[in-house]
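Undergrad: According to TrEMBL, the feature [2Fe-2S] cluster binding site maps to A:101, A:106, A:142, A:146.
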Ligand SMILES: Cc1cc2nc3c(=O)[nH]c(=O)nc-3n(C[C@H](O)[C@H](O)[C@H](O)COP(=O)(O)O)c2cc1C
Ligand code: SF4
Ligand code: FES
């Protein structure tokens, strides 16, 4: 069976440089816009995390207290939210994130072959990032495109059905 | 002639009739030219909120998110009157039930229909605000909904004094960040408040105390999108859409995935048989293979057999056969595919997506995965067949904090019932005597 387990030690490695984290004006502006959508600022926590991630690729530990202050909740509360949702990345990811659907309809239409093909082509396990920092490979639950299984998303783009033989050509579009 | 009238014989597919995938979704002028927003106008100008609730109750519109709860009854629990204060309408657009791909199509191709529906239902319960809770991966849908919403706002359909009435309504698209459990309506409310998506205890039901403690209605995309058509054409028209195939009313977004020839999603009279879905619309199984089993409506429904194909796909008929219609999009397993492996895949999904709040689910699901992996590898232990059977009870209805774990047990218990021989084939072979 394919190794899917991420080692704990990998998860707790400290970030390389601990420069003080500052929100950019653009990030601040976008977070303030989200705050206007809710009567309670806490409700903007997921959007705020997503905004920072959009600009930086992931959400570092240093970012948490700063984002929490911007939406006026405790850092501990925001940390709890940031660790709950799988689309919030707490470690750096590659330039492109591949999310391969591992749910039942894709299981029935070739998920395991597709996953193994990706692992072989990229040389990383699920959860891993290629050494050139180009791709991160993640499993994802049903992408709501089951009629096109086996499916995957690369960044914001949905693809399906994808056969293992098509992987090489498909990935070439993501330099 | 307006297509959007009860007299029009083509108006049998209210949800999809304006959908043209090649052309893409209609913008506001295009939608209005097809009578779009006329139902909202009629509602606000001619009907009281209570009258709309009564029409929808009479139409017997049952929830399309999986449980089939009558929408009109759900709304009738919402406190009404001038002192009711802040109230919320939330659209459940989290669509993460494996095997389900209907709301994506509706939102990507008919965003204005959902916006109109949200405003209209907002009016019917006199909500002050609405949120569309959209799963984070639906990038195209988010973009198109936001565009449609901006057009609707500019036209005065959303905002202060909707269409010049006394009633004001704000509407927002909220996008999620993953986790299947967000689809459970009370977990969704926690998530929308910016918390971890653990479900809440019921009662109180959201209609009494939901989002920020205020009365809240949560409805599925497809449920909501039926409402403007019901108000425009009447309850009897809606009941007639099922063409006598079911005592349920309306159409249903059905679909088929797995190894079938023409997988897809289709709007058909509710009560259409699964055989018609598979053999007519999906063009039968691929490569001439035989059907072994099928899930009627998502990962959390019991498997059925080929002998059940002639059943009407409606809530009560599929329940009588020991399963649930769920979301109504079937997933088919071919004769040469392993049930043990399919169930292992399903339970891996449920184990990963458990929110971790209660012990039977958090610990029981990984236990089932461990056992299923052993059976798949030919290392199963006879006692573990009993453990699996017991787990279906220990994680069954009433034993856990929400319906996630009981849902997870449905495919497992039915696979054990119908395909025990496949599990037995995965028992470890006794070591040969020396
Ligand atoms: C674990 C779990 C996941 C669910 N996921 C969804 C979902 O993705 N979309 C949905 O509409 N309903 C989902 N539901 C059902 C909702 O809790 C709720 O019943 C539904 O949104 C009500 O809308 P309706 O009455 O219009 O069907 C889920 C329920 C459970 C227990
Ligand atoms: S049944 Fe599972 S998903 Fe539901 S509350 Fe318990 S742990 Fe969470
Ligand atoms: S199961 Fe893969 S897209 Fe639905």
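Even glycines carry a Cβ here, placed using N, Cα and C.
All TrEMBL annotations are machine predictions without curation.
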Undergrad: Under 8 Å between C-beta atoms and at least six apart in sequence, can you list the same-chain neighbours of residue A:106 ([2Fe-2S] cluster binding site), or say none if there are none?
TA: A:114, A:142, A:146, A:149, A:150, A:151
Undergrad: If one looks at the chain holding residue A:101 ([2Fe-2S] cluster binding site), which residues at least 6 apart in sequence have a CB under 8 angstroms from its CB?
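TA: Spatial neighbours, sequence-distant, of residue A:101 ([2Fe-2S] cluster binding site): A:111, A:139, A:140, A:141, A:142, A:143, A:145, A:149, A:150, A:151, A:152.
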Undergrad: For the binding-site residues listed here (A:142, A:146), which one has the lowest count of neighbouring CB atoms within 10 Å of its own CB?
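TA: Each of the binding-site residues A:142, A:146 was scored by Cβ atoms within 10 Å; lowest is A:142.
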Undergrad: Is residue A:146 ([2Fe-2S] cluster binding site) helix, strand or coil when read with DSSP?
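TA: DSSP call for residue A:146 ([2Fe-2S] cluster binding site): helix.
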